[in-house]
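**Q** Could you have a look at this structure, given as structure tokens, before my questions?
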Amino acid sequence: MKTPAPAGRKVTTMTATSTMNTTTTMTTSPTADWSAVCPLDALPVEQGRAALLPDGSAVALFRLHTGEVHAVGNLDPFSGAPVICHGIVGDRDGVPVVTGPLGKETFELATGRCLDAENVRLPVHDVRLTGPVIEVSTRRNTVETLVGGG
Amino acid sequence: MTHARPETGTGSAALRRLVVVGHGMVGHRLVEALDSRDADRQWQITVLAEEPRPAYDRVALSSCFDGADESALRLPEHDPGRVGLRLGDPACALDRAGRTVLTASGDRVPYDALVLATGSRPFVPPLPGATAPGCLVYRTLDDIAAIRAAADKSTTGRGVVVGGGLLGLEAANALRLLGLTTHVVEMAPHLMAVQLDEGGGALLGRMVGELGVTVHTGTGTQQVLTDPETGAASGVELTDGTFLETDLVVFAAGVRPRDELARDAGLEVGERGGVVVDETCRSVTDPRVWAVGEVACIEGRTLGLVAPGYAMAETVADRLLGGEAGFPGADTATQLKLLGVGVASFGDAHATTPGALEVVLNDPVAATYGKLVVSDDARTLLGGILVGDTSGYPLLRPLVGSALPADPATLLAPESAGGAGAGGGVAGLPDSAQICSCHAVTKGALTEAVTEQGCADVPALKSCTKAGTGCGSCVPALKHILEAAGVEQSKALCEHFDHSRAELFEIVAATGITTFSQLVAEHGRGRGCDVCKPAVAAILASRDSATHILDGERGSLQDTNDRHLANMQRNGTYSVVPRVPGGEITPARLIVLGEVARDFGLYTKITGGQRIDLLGARLEQLPAIWRRLTDAGFESGHAYGKAVRTVKSCVGSTWCRYGVQDSVGLAIELELRYRGLRAPHKLKAGVSGCARECAEARSKDFGIIATEQGWNLYVGGNGGFTPRHAELLACDLDHDTLVRTIDRFLMFYVRTADRLQRTAAWLEALEGGLDHLRAVVMDDSLGICAELDAAMERHVADYRDEWRGVLEDPAKLARFTSFVNAPDTPDPAISFAVEREQPVPVPGPVSLGMPQLPAADGAGAR
Ligand SMILES: Cc1cc2nc3c(=O)[nH]c(=O)nc-3n(C[C@H](O)[C@H](O)[C@H](O)COP(=O)(O)OP(=O)(O)OC[C@H]3O[C@@H](n4cnc5c(N)ncnc54)[C@H](O)[C@@H]3O)c2cc1C
Ligand code: FES
């Protein structure tokens with residue numbers, strides 16, 4: 001919508017189906033509210049940080065080496081502790097993932113899906129870059145909006 | 001003087017008294033087996049031992065000449081609270097009516113059950129001169145010392161061994177290693193007549209001859225000539241007229257059971273000696289008396305091997321506790337290396353079964369000889385002999401009595417041609433086939449351990465089934481069983497690297513790569529994961545202590561606890577554990593810890609490593625807490641790292657009336673030396689100031705116990721899931737040698753262990769085991785000691801306190817915030833309850849599904 005991301009950085013939408021449009025994220029919900037959380041530079045590559053949303057919930061933010069930024073719920077569904085941001089970022093079969101620091105369960109960053117337990121997933125939030133600032137949608141995506149949203 | 005143990009105070013009315021006569025290999029095993037099974041402590045055990053030292057590994061006696069020291073042979077100690085071991089106080093008479101044993105010291109020891117485990121004595125033929133000075137035997141550590149002393153002062157430079165069997169050849173090797181020109185005299189036409197046939201014996205003779213040992217077969221010994229002045233041996237005359245000038249003669253011409261106590265007490269003994277027992281090892285004369293090991297005459301004969309002795313010990317232990325075990329029958333199969341030549345013999349090696357057929361493969365060029373004995377229809381394997389290449393033994397031996405999986409010639413073919421050595425054989429074995437004869441473990445039991453109990457490697461099979469922990473000859477077969485069960489023994493670290501941790505370490509060392517990105521780009525694939533990233537982070541840190549573990553990209557590689565230099569607890573808070581070297585702390589510092597805990601509302605607990613754990617710190621509190629601590633002189637304790645943790649100590653000679661060395665001083669020195677060293681797993685250590693071992697050093701990765709002369713160093717112990725005592729690596733070291741040896745041990749471990757492999761498992765898996773380790777770190781057998789020393793010097797010089805490194809760097813401090821957009825806001829998802837006046841995580845089951853989310857709008861629903 002606003003300023004395009006700096007050259008060489010790609011900020012994806014969280015849609016599973018659309019990756020063409022790299023700057024606008026309005027593919028999921030026209031009613032989403034955006035919360036500015038921090039400058040991109042405050043987020044080192046592959047080192048997560050937690051951010052507080054206005055409703056008091058927290059997201060874990062991850063910046064990949066490609067420049068993509070992901071936001072998923074910070075609560076670890078297995079322990080109930082707010083620790084997903086402290087997980088190790090990597091890939092499984094090329095798909096970007098984070099592994100929770102307590103029980104070592106692995107989640108896909110794009111979808112929140114847990115790869116080690118069926119039917120467990122982290123909520124995912126759309127992310128966009130406005131100038132140098134990372135903004136996170138306050139709205140949690142569901143499976144339906146993710147798959148059908150494009 | 002009497003040493004009768006008080007029989008009160010044990011609290012058990014039903015306590016019965018067991019007296020074991022003889023603390024050799026089999027007596028020792030009996031006590032161990034009984035102790036481990038006798039859960040309700042029905043038996044009080046007294047052992048009367050003739051030798052001045054506790055039981056040792058007699059089978060490995062010859063390793064004394066290869067550099068092993070006496071302590072390496074020692075068998076595990078019994079629980080002294082459980083077993084009264086009287087060294088140097090042999091039994092000299094039995095009073096069966098009064099049920100007591102008279103000892104040499106004049107004591108009478110009462111028994112409810114008596115086990116004779118007195119072994120054998122070497123047989124010295126009644127030749128003229130055979131008892132002259134210079135004529136020795138080969139059975140005990142004292143014999144070894146005598147042989148060594150005689151060799152030292154030998155003027156002829158020549159030694160003669162009478163007897164060309166197993167023992168004779170071991171003795172010959174010993175003389176050779178002592179620098180003597182060695183001759184072996186054997187009456188039979190070839191060596192090892194009991195185990196080998198002529199073809200095998202001939203090859204062995206040839207190979208032994210190539211090592212410089214002169215073999216005289218088919219000839220006896222006429223007499224030992226003595227020096228008329230000193231009366232000592234001066235030469236040996238053979239029955240073929242040969243004269244050998246020598247002042248050292250070792251008799252290894254067979255053994256005789258030490259059944260004299262039994263004879264004198266009127267117990268039935270066999271025709272050729274030995275206490276006659278039934279299939280439960282009970283004397284046929286007196287039901288209160290049992291005999292095990294070489295002194296027992298079972299099924300009409302005595303047995304001179306340790307494995308059947310162990311089987312007897314297990315049988316008696318079971319019976320004493322009311323079990324129904326019986327002696328499973330003697331397995332006289334043997335596999336050994338004599339003077340470096342592999343020799344194996346099993347089953348009906350001499351083809352005495354009527355109609356038996358022999359299939360022989362004799363390859364003098366490759367120096368191997370193999371023979372299989374099969375039934376008249378060539379279907380069933382009856383026995384065999386292997387000389388030279390014995391790799392087929394672990395698979396062939398268990399096949400005895402069962403159908404041949406392939407034709408005999410194929411089975412004898414060398415590994416490369418698909419012979420038994422190739423491992424194809426294990427699949428053909430029936431489940432009942434015994435793979436480990438030392439511990440009577442069948443193929444079926446091993447397969448079950450793999451499939452049902454999840455054993456995935458040899459160390460797991462060893463600890464689960466005990467197979468492979470005796471003579472070790474079955475270990476190759478264990479590997480085949482794992483393969484046959486489809487356990488892939490892949491060494492790939494994870495999907496991103498095909499290498500093992502040790503290989504990655506070598507790659508990093510060889511290429512000088514200093515970042516994960518470069519390593520995964522050049523030697524792996526993808527972006528890494530929670531397995532390879534921390535492993536590589538630790539490798540990089542082990543090699544380079546100067547770079548902070550949270551610097552740049554390294555910060556993204558660290559595992560949960562390393563990531564914030566604190567252990568993450570179940571509710572997402574952290575623990576703070578400052579280093580307290582050696583457990584010594586001043587009152588002033590102790591007060592600082594208390595004040596910090598109070599001011600930040602932390603739960604406190606004393607740890608097992610002699611320091612203090614402050615729990616419940618929120619991420620954003622850690623810098624402020626550590627600032628207070630570093631100001632008071634504390635440093636990171638690395639409780640969070642796969643690193644050296646603590647060196648525990650007892651109070652030592654400074655205060656303790658028993659201490660013989662300053663254990664606290666040494667513990668502090670070692671903890672400071674190794675602090676911060678990153679390793680494949682955590683490392684714990686201990687230093688005890690005397691043999692009472694109050695620091696529990698033998699349960700540590702490396703433990704040091706003071707002696708009058710210096711320090712004993714033990715390695716490879718751990719508590720935890722599978723407790724294991726550390727093993728003695730070296731004795732009576734002076735301070736500098738001790739430190740250097742630990743340096744090398746640690747660096748060798750760091751370099752070669754697998755990811756998350758503690759020293760115990762590493763040592764277990766290390767090919768060649770403790771001996772190999774000793775050779776590497778003490779004799780520099782791999783020529784790497786200079787590198788290991790340099791690596792440790794670098795570590796010591798480059799060490800910096802990690803917490804100070806964080807406090808001095810704003811970029812690192814930024815990691816210690818609750819929220820990137822609200823750095824000081826406590827995370828509302830963390831809360832505490834109070835228990836015994838301290839804060840603790842809110843109890844409650846750890847949910848396994850999705851947590852209740854505030855204002856959920858369907859997330860995760862499917
Ligand atoms: C050099 C050497 C190499 C060997 N190699 C092998 C091999 O490769 N494979 C194999 O299977 N076997 C081997 N053996 C044989 C093996 O060591 C014995 O079979 C085994 O030690 C027998 O155990 P034991 O307890 O019956 O007797 P021992 O180990 O001899 O123990 C008997 C103990 O009883 C003590 N004793 C005797 N009388 C009394 C008494 N009246 N009171 C108190 N104590 C008494 C003795 O001092 C001795 O300590 C080897 C033996 C030697 C010497
Ligand atoms: S056969 Fe000796 S350890 Fe298995």
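Backbone N, Cα and C define each Cβ position, glycine as well.
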**Q** Can you identify, from B:86-106, B:464-484, B:674-694, B:842-862, the stretch that TrEMBL calls region 'Disordered'?
**A** B:842-862
**Q** If you count every Cβ pair below 8 Å, which range out of B:17-300, B:435-483, B:569-630, B:641-779 shares the most with the domain 'NADH-rubredoxin oxidoreductase C-terminal' (B:333-399)?
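**A** Looking at each of B:17-300, B:435-483, B:569-630, B:641-779 in turn, the most contacts to the domain 'NADH-rubredoxin oxidoreductase C-terminal' (B:333-399) are made by B:17-300.
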**Q** Looking only at the domain 'FAD/NAD(P)-binding' (B:17-300), what is the model's average confidence as pLDDT?
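**A** The answer is 93, the mean pLDDT of the model over that range.
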**Q** Would you mind splitting the domain 'Nitrite/sulphite reductase 4Fe-4S' (B:641-779) into helix, strand and coil residue counts from DSSP?
**A** 50 helix, 33 strand, 56 coil
